[in-house]
Amino acid sequence: MTNDVNGKRVLMRVDFNVPLEGGRVVDDFRIAVTLPTIKGFLAGGAQLLLATHLEQDKEIPHLEAVHKVVEDLLGEPVRFLPGLVGEPYDLEERVVLFDNLRLNPGEKANDLEFARLLASWGELYINEAFSVSHRPHASIVSVPRFLPSGFGSLFQREVNNLSKAFDPLHPFLLILGGKKFDTKTPLLENLIKTADVVFIGGSIGNSFMAARGLRVGRSRVEPISLPKEILWGKKIVLSEDVVVEREKKVLKPEEVTDNDIIYDVGPQTVEALLAVAKTSSFILWNGTLGWCEGGYDAGTLALMAGLGWVQAYRIAGGGDTVAAIHKSRLEGNFNFISTGGGAMLEFLAEGTLPGIEAVRESGAH
């Protein structure tokens, strides 16, 4: 699509929802991964109008800090339009950044008039925000009603890579961790059809252990509502050993006391997982194996490090999982790292997203 954009105003929905500390961007990954798409459209002669949201701790900040990082990474001036989206007017700069879309009440409300206003700035719409495309917000699902629409190259890579799970190379190892099992239930029910081994760790692993009658002490557990053939299925593998809160002791599940809290998988579990990984052809990982933010990250980091020695095609995603990869600088141990959290889970469960359907229905993608 970058071949026919010369002289056109391209409205590009991106996801620059990056972490801030003290008013500064502390991780620019989401910005950096969009640069090839941005540069491709600029090379094609387009004027780019970048639109994103940013929300942290229920606060909706302005995007001055993001604007500075975009300028620095791109290496050219970027015009910043602070405040609410207004009526369009001519701008000389090749790249323009709107302020935080969520400052506009119409964005999250999916207001059609706000979508029409935002669309009036462009002649073409590009969705390069896979990680937000599960949200039925105006800039995702309604703007494509008013403009010829398409997907950015990163968006297409997300879809192409995650779609490998639907018709995978075998053996296929699925690794699920983290918490909020209800958000992962549809994914599990779908991918257990194609996976050969499903390892479940993290907080949701504790819930599975409890549901199977294993000892979890005072660990946080959620109710598991799954068919018995999945819960007790041979494909599901749980931890062989665990790390508990008291002195970070490593215990077998049967050794866990009523007062223990499980915070990580143990080294024997990691070793067993890596043995399965070495015989796998495709690995998909979403969710950390322990409470990483609390310092119980040994299992997650050991598995990430070990995956660098396997031959399988390796995909990872999920906010905490990706953060651990970046923190440990193990990006090279994966063939693809998804920018999606909830979007990744929904796509793997449903095979599509509201943002995908909106572009498809626009008739030009």
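Glycine is no exception: its Cβ is also placed from the backbone N, Cα and C atoms.
Feature annotations, reproduced from TrEMBL:
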type	residues	note
BINDING	Lys184, Glu293, Gly318, Gly319, Asp320, Thr321	ATP binding site
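In this view, Lys184 (ATP binding site) is surrounded by 23 other Cβ atoms within 10 Å of its Cβ, with every protein chain counted. Look at Gly319 (ATP binding site): DSSP puts it in a helix. Just so you know, of the binding-site residues Glu293, Asp320, the Cβ with the fewest other Cβ atoms around it within 10 Å is the one at Glu293.
Neighbour density at the Cβ, taken as the number of other Cβ atoms within 10 Å, is lowest among the binding-site residues Gly318, Gly319 for Gly319.
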